[in-house]
């Protein structure tokens with residue numbers, strides 16, 4: 001036993017020495033690598049005929065479900081630009097990074113893209129948490145980030161362009177429409193995190209101002225799957241509308257159990273803000289049929305640009321694939337950036353930002369335009385009814401693009417929300 | 001009054017689901033002492049097996065689509081049981097008496113299984129549409145009791161009864177109990193403990209598959225379905241008292257009822273907090289759970 005111990009100590013010290021050696025070797029070689037890298041970079045960025053852009057989405061982890069298709073849409077847009085001769089005579093070269101559904105990783109990879117790869121812009125993110133993680137990084141490095149998903153508003157960074165809807169392009173018009181068409185009594189149901197809580201704060205202020213009535217407000221943990229009690233509560237207070245800000249898988253459980261409890265879309269309208277074509281596939285069109293969702297784009301949106309877009313996307317990625325709002329916003333973000341670069345005549349971030357104001361692009365959802373002041377986009381708002389085949393039938397749209405107003409400055413009832 | 005009855009029913013229903021997800025674990029963890037982190041993924045396998053059966057029927061026998069679920073029940077049991085058997089033979093058997101190692105190893109297995117599901121079925125959820133005869137519910141005095149929930153209650157009752165009969169009335173079941181009580185003594189008496197371990201693990205896994213089959217009626221079917229239920233499953237088994245099936249039953253219904261009753265007067269998040277707090281307090285008072293096992297070998 002004693003000998004063994006002595007031996008063990010010896011081995012341990014040997015191991016320690018060995019690992020120290022290896023470590024110091026690594027440090028030395030990485031310093032060399034870095035020097036090489038620097039040399040290479042400074043030479044490539046001057047003379048090469050390509051320009052690098054970053055694509056940063058969760059390609060693994062829980063958010064991969066949604067974000068992989070955004071990457072696909074962005075790559076498709078980049079390919080289109082390259083096929084039509086590139087940008088300022090250069091081919092675009094995407095550098096793809098995986099945020100792995102982990103917010104610190106998003107910050108780290110954004111930093112890597114900006115500092116090491118020297119990308120001229122990044123397209124990326126889905127959750128608000130990932131955006132908030134990348135925000136300080138792009139601001140400190142004076143980078144550019146295009147964020148393609150609807151979110152809770154109350155933000156505008158000089159280094160971020162928002163191509164998804166802000167609240168006044170999705171939630172606020174939906175609430176007004178519901179009040180006019182479906183009834184006054186609202187039940188708010190959401191997942192327990194920042195987006196639903198902020199959204200519901202806005203909805204409550206709006207209900208107060210526009211004569212609606214709040215009859216219930218419930219939050220469930222992310223991943224919650226038993227909605228029988230909440231459905232009991234809904235039955236009890238008999239709302240006209242359930243405004244649903246549940247995120248992810250909980251939606252499947254909620255809608256299945258709602259149907260089981262004998263409540264159909266005829267009895268009660270559920271309006272959702274995060275169920276799109278992609279999500280309907282997993283819940284089942286039959287279960288959701290008749291319920292509503294509000295977005296800026298549906299796969300069924302009837303524009304010539306969209307016909308081409310959907311056909312191309314399916315041809316490239318498979319006929320089972322569907323397009324939806326964030327996919328479209330990710331796609332036209334690349335084109336908007338390209339237009340801004342062309343106008344600026346340069347890839348320089350400050351010049352591109354300056355040139356971006358008022359840039360228009362004929363997106364699949366209609367013409368979108370960058371609002372220079374907030375760096376959000378003007379978009380058309382659409383309310384659709386879910387059909388058994390998983391597609392939307394449009395019930396209403398705003399006609400023309402709605403000016404983005406992330407801080408809801410133009411709504412008197414939203415004054416107290418700022419504080 | 002009707003609210004109370006509805007909530008009582010919801011509590012029973014939630015309890016039955018808790019029991020279903022925990023009963024397999026009660027065998028593998030409770031009886032065999034293996035901390036099986038892959039239990040949730042065995043549930044997932046059962047759920048996907050149901051999905052595959054549904055797809056198969058939709059493809060080859062659309063006219064008898066109504067009955068696919070009847071076939072899916074045994075299929076999900078055997079698929080999960082076989083996988084469990086393979087797992088026991090290749091990995092778990094080397095880890096008996098090393099609970100922490102079994103925790104790590106089975107957690108690795110759970111990650112592998114999740115990734116396999118993602119590769120085979122894709123990352124998004126798949127839609128399992130329940131058979132039509134389970135749509136709707138019984139209307140009593142303004143209350144609706146969904147057929148699916150009633151069906152799950154019956155399904156659980158039958159499964160538990162079958163398990164009870166197996167463990168108490170058959171020779172093979174008695175051997176499992178003997179090994180649980182005192183492995184060395186059982187081995188001395190000529191029981192092949194290796195064989196018994198393998199069967200017991202396969203049965204536990206099979207019950208996870210049945211739970212997965214039942215869950216397709218209620219919630220999402222995706223690669224991460226197991227992670228939602230694994231904590232609840234351990235909670236039930238530990239609260240019930242390790243090593244006793246009756247404790248698992250009591251623990252499951254206790255948590256179900258407390259959960260739904262507090263949720264009605266508070267909120268879903270609060271109910272979860274209160275339930276956890278009560279369990280912690282209870283385990284301080286009775287560390288061995290609701291029903292404790294009296295045996296020297298477990299001390």
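Counting starts with 1 at the first residue shown.
Cβ coordinates are placed from backbone N, Cα and C, and glycine is handled just like the others.
Note that the structure is a prediction, hence the values are computed from the model and not measured.
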_Correct range for transmembrane segment (source TrEMBL, candidates B:150-167, B:168-185)_ = B:150-167
_Looking at B:46-66, B:67-87, I want to know which stretch TrEMBL calls transmembrane segment._
B:67-87
*May I ask for the residues of the chain that lie six or more residues beyond the transmembrane segment (B:67-87) and have a Cβ under 8 Å from a Cβ within it?*
38, 42-43, 45-47, 49-50, 52-54, 56-57, 109, 130-131, 134, 155, 198, 201-210, 212-213
_Should anything in the same chain at least six residues away from the transmembrane segment (B:12-35) have a Cβ under 8 Å from its Cβ atoms, list it; otherwise answer none._
42-43, 92, 95-97, 99-100, 102-103, 106, 149, 152-153, 155-157, 159-160, 163, 176, 180, 197, 200-201, 203-208, 210-211, 214-215, 218, 229, 232-234, 236-237, 240, 242-245, 248-249, 251-257, 259-260
